[in-house]
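Notes follow once the structure below has been shown.
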Amino acid sequence: MPTAIKKTFTYGAHTVTLETGEVARQAGGAVIVNVDDTVVLATVVAAKDAKPGQDFFPLTVDYVEKFYAAGRIPGGFFKREGRPTEKETLTSRLIDRPIRPLFPEGFYNEVQVIVTVLSLNPEVDADIPAMIAASAALSISGIPFDGPIGAARVGYADGQYLLNPTVEQLKTSKLNLVVAGTASAVLMVESEADELSEQVMLGAVVFGHEQMQAAINAINELVEVAGKPEWNWQPPAANDALVARVKELALADVEEAFRITSKQARTERLSEIRKRTIAALTDGVDNAPSENEIKDIFFTLEAGTVRSRILNGEPRIDGRDTRTVRPIDIRVGVLPRTHGSALFTRGETQALVVATLGTGRDEQIIDAIAGEYKERFMLHYNFPPFSTGETGRFGVTKRREIGHGRLAKRALVAMLPKGEDFSYTIRVVSEITESNGSSSMASVCGGSLALMDAGVPMKDHVAGIAMGLIKDGNRFAVLTDILGDEDHLGDMDFKVAGTENGVTALQMDIKIQGITKEIMQVALAQAGEGRLHILKQMKDALGVARGEVSEFAPRMLNMKINPEKIRDVIGKGGAVIRALQEETGTVIEIEDDGSITISSVSAEGAQKAKARIEDITAEVEVGKVYEGTVVRLLDFGAIVNILPGRDGLLHVSQIANERVNNVGDYVKEGQAVRVKVLETDERGKIRLSMKALLNENAG
């Protein structure tokens, strides 16, 4: 029998065990990580050779949650796991982002990482174990990989950082931050926060990086005893002669092209130069270099041109200095029939953002492995190919769109009103209509404006900005509001969103090692300046939320009844509530605690439904006079309905002062009568009287 090799370490309040050698032995690397009964299996397989003509690194990362891990059977007809959930997609990206930069340049072999959740403790999210497991599996596989990485979640409560807080602890934490990196460098940060200062955010990153060393050390110890021999892979030898020839043919033109400030014109010019250079080096040439080889060198020329200019203090591609935000144009209320809308344009990046208000029935039901729950706030980000002037696949939501949408959602959620204060379900959709960098942050700005245009009482406006970095040795430049090319050719993508009072979301992806605390400090401070500049323009366009929601949005009324009366409102088989909704044109939602939300396109309908519910749930008062309707005649009296669902007995002796021989001589079915309640008993039976009113009137 195979023997498992294990390494155990303490990580915050958790005990973590790394295990390899028993399961999935045919994979290139396989590690099981157990964190307090949350168990994940990470496997890595790499092709021994790159495909001919391959010109990019084909890394795929898939994180998969199995329902059996939480002792559940999937819903749906087929009773098996289906397409990836949003949580699975986001966690796959979380694993991918810090490991991708650690594969060597020129390594184009296909690599597949699969992480499977096998057991779930509901208090321990599987994402941090998954990142550690993927890092460990890569490290023991022998595949060229400049790791390992560690990963940590950091919370913040009562002025203290929390290492790997539980799900319960996160409910009271003002911060939920995930940081990943190597022993010497931070590579990735993903977070949401409740208006924390830049200093607290930076401190959390540094704290997480310090604490993750325990995970990195444990992985290194596992590699020492269980690691496979390192691959004898060497990067392709540089073709210095070809590099010199490409420079000779293209460098001067590339430098000139990067003085064109319009993105489309610049892109077209660079494409012309690239095609011309390839043709000059390949047409009719024996043993000509491959197009991919020439393209790689051409990209190096582009990067070198942009980077050297910025580090030398020259203007950026579009003529700005390092701290200037592109021109901003804002319009709100741009779509006539939507509940809230905004068109936010920053340079050549534009987002049309729409907010829609719905009822509780519109909440998104999430069937997660830990259990079903509902989301009252959704943000969807769409990035069609026309936004960059290209053709491409359309209609299928891509991983990037899901990731950008979640980042924008994180930025805005802290400023939303609580459900008890604003009971609407909220959906925000960001349609990216133009893109030249920072479209997710444009979605944050446009989303904040659209929500306020819809009348959502946001606590404050939220703005977002994307920062970049160019670093060469000890020289570096932090760039405010980066363009697409600056993101592509730079060393860091650093997105910060927040209010005037603090940060609500932070995302960082670093492509190189050696980013110091000081550099991150400069980037955060510069991002703060840019954010405040954008917030001022947003507040000039729409300072506070509209006083009321759109005329096209449903009207909501909230009320509370005695929980024992819920069945009276619902009625047998739902008959009462169905009839009530049809008559008043409303949607009525009832919670187990007696909370009721009434929604309607008209305020009148909602008020009418509320009054009817108050009648249904009203307590019958002894001595009170009611306007009732005779519903049935009996030999010994009549049944009179005095409130919805509440009937009482009008005994023959209580109809008139004289003797009544035939009840039908005095009252008819359907007749409206005034009656007084004489008594109610413990079983809810009600005795009524008409005679008592006759005597009172006579008196």
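Each position is counted from 1, following the chain as shown.
The backbone N, Cα and C atoms fix where each Cβ goes, glycine too.
The following features are taken from Swiss-Prot:
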- Asp487, Asp493: Mg(2+) binding site (BINDING)
- 554-613: domain 'KH' (DOMAIN)
- 623-691: domain 'S1 motif' (DOMAIN)
The domain 'KH' (554-613): DSSP-derived helix, strand, coil residue counts: 32 helix, 17 strand, 11 coil
Summary of DSSP states over the domain 'S1 motif' (623-691), given as helix, strand and coil counts: 7 helix, 36 strand, 26 coil
Helix, strand or coil at Asp493 (Mg(2+) binding site) [DSSP, three-state]: strand
The domain 'KH' (554-613) [mean pLDDT, rounded to integer]: 89
